[in-house]
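The block underneath contains the structure these notes are about, expressed in structure tokens.
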Amino acid sequence: MKKRIKELTDLLNRYRYDYYTKDAPSVSDSDYDKLYRELVTLEQSYPEYVLQDSPTQQVGGTILKGFEKYRHQYPLFSLQDAFSREELDAFDKRVKAEFPNATYLAELKIDGLSISLSYENGFLQVGATRGDGNIGENITENIKKIKDIPHQLSEPLTITVRGEAYMSRQSFKAINEARQENGETEFANPRNAAAGTLRQLDTSVVAKRQLATFLYQEASPTARNQQNEVLAELAGLGFSVNPYYQLTSSMDEIWDFIKTIEAKRDQLAYDIDGVVIKVNSLAMQEELGFTVKAPRWAIAYKFPAEEKEAEILSVDWTVGRTGVVTPTANLTPVQLAGTTVSRATLHNVDYIAEKDIRIGDTVIVYKAGDIIPAVLNVVMSKRNQQEVMLIPKLCPSCGSELVHFEDEVALRCINPLCPSLIQRSLEHFASRDAMNITGLGPAIVEKLFLAGFVHDVADIYQLTKENFMQLDGIKEKSADKLLAAIEASKSNSAEKLLFGLGIRHIGSKVSRLILEVYGDISALLTAKEEEIARIDGLGSTIAQSLTQYFEQKTAAILVDELKTAGVNMHYSGQKVNSDAALFGLTVVLTGKLNQLNRNEAKDKLEALGAKVTGSVSKKTDLVIAGSDAGSKLEKAKSLGIRIEDEDWLRQL
């Protein structure tokens, strides 16, 4: 082992010299990483043989075993997208209906990776990725290699901030030139390069690639009152803040700002993909609140996507887990937004009819949201044949007759025994955001289904090693890993299970909101529609969908089978008490409190199930008024809102 450690040390040091001194990498990142991992493992087992010049002992580079999960104290939400002036005007109308005097701050939407930075007494403690908004990955060591992120703030604050890590166009060009010379695959775009860099296990590679950041939000409570004040404070603390933003109450001025930025987009040193418009007042932001997925006080205008022409060669029709049959066009390959595109969604049959899309047509292809390739329209001037699109009447999977409901745009297979529907449901159940059964992907699900081993999600927990070993291509080691992943999934918190059941309108975030109140899957079997609709962030559509699902006898049977198999039914997060005195009420504190300070009062209200906001509106249910209460109290009286005092609150 001593000899192997010496060999690895010498070899890796030579590679490091080629990479950092000569700027001419002589080995791929993946090969370097494998050798580095081997050295770390050997050094941990035989510490007496660690050499002084080992790359693991060098300042400026640390090899990481992997990235630990990190639960965000303050969740990261996605933003609602807008693609037109009309959508921005609709957003403005919604906001101004609540706050006629609202102003907006328009900021650039950096095309990078969302990061969260937590400081304690001014010192950086954790840097994390966004992940699913609730759980990301701890990448602190890599974050520390980004030069413009301060390790110590100019003030000893305990604070969590948010921003975007990105790679400049200059750095991206240099990296791809080096990768090309070394025979490595080039990165498709700066965003992909930044993502790959932040997940490097060798931190010295992160330092070499020169990522940068722009910070834009204080996620933890702040003394600032306006978003533009937050940006100023972040800059004062030592963070990089993007210099391009505009404060205005006029959507016309915001549109002018968008067009100005769009015109100079190519002159910037970094990629942007739009402009984010935020309500500037933090109190108004708090009052407007959130939907399940996004804040109501912000919207992201996305620049028009790059468009290319391609020919439709054929169309595939596939059945999803809810029975919806989706058409996908097979295209002549085109380069689009840094990737080769040969397939694009046609959305649904109504879309095909509306656009008169036919096989053989030349069409305009773009990436919806810069992610999903889609067909925009037909280039009619290039139509040279009249082959009409054949809309299927029978399910491509089971042969059952497809239905087209009046209130829907898609074809649907309503056969509960449809093989594709069952397989998609099983795939969804095993997916990362659901039960996260590692290795149980589409290919293995299909083999299990065709072999007759699984027909619903409960069957997954009855699988044996022998079942897996009978599948083509599955060896003993793989079977053991799959069984271990299935066993591990039993202990997931119940919101994962609820999402995995694939109920219409019940996404991962909605699942968490529901179980924060009900606490257990079994409780949903008797939950009332009106009770569910009261949960903040939900509504009648979600409540109806959930109750309709659990009213079915098959749902009760499935829950019982899963419970018998040992699958956890309990929510492991902090539960909201739906029996609390103020559950579901929106409450505003105003005036001076004599016995409780403001934070104590807020904590008590939240413990009683209330949502505490900063300003009074028609959505407010209750105002707690202390002495010297001013305009908020007067507004509450004018709106006929219930008003109580501090003594009333203390007695609850």
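Using the three backbone atoms N, Cα and C, a Cβ is placed for every residue, glycine included.
What Swiss-Prot records for D29, S30, D31, Y32, D33, S78, L79, E107, R130, E164, K278, K302 is NAD(+) binding site. For K109, the entry in Swiss-Prot reads active site, N6-AMP-lysine intermediate. The feature Zn(2+) binding site is assigned by Swiss-Prot to C395, C398, C413, C418. According to Swiss-Prot, the feature domain 'BRCT' maps to 577-652, an assignment based on sequence analysis.
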#### Entry: Using Cα positions only, nearest of the binding-site residues to the residue listed as 'active site, N6-AMP-lysine intermediate' (R130, K278, C395)
K278
### Query
Just counting, how many other CB atoms are there within 10 A of the CB of C398 (Zn(2+) binding site)?
15
#### Entry: Site with most surrounding Cβ atoms, counting all protein chains shown within 10 Å, from the recorded positions K109, R130
K109
### Message
If you count other C-beta atoms within 10 angstroms, which of the binding-site residues L79, C395, C418 is the most crowded?
### Response
C395
## Note on the structure
Confidence over the domain 'BRCT' (577-652), expressed as mean pLDDT on the 0 to 100 scale, is 84
### Message
With Cβ-Cβ distance below 8 Å and at least 6 positions apart along the chain, what are the contacts of C413 (Zn(2+) binding site)? List them in sequence order.
### Response
V319, G323, V325, C395, S397, C398, S400, L402, V403, S420, L421
### Message
Using the Cβ center of C395, C398, C413, C418 as the Zn(2+) site position, which other residues in that chain lie within 8 Å, going by their Cβ?
### Response
V319, G323, P396, S397, G399, S400, L402, N415, P419, S420, L421
### Query
How many other Cβ atoms are found within 10 Å of the Cβ atom of K278 (NAD(+) binding site), counting all protein chains shown?
24
### Message
Rounded to a whole angstrom, what is the C-alpha distance between C418 (Zn(2+) binding site) and L79 (NAD(+) binding site)?
### Response
36
#### Entry: For the domain 'BRCT' (577-652), residues assigned helix / strand / coil by DSSP
25 helix, 17 strand, 34 coil
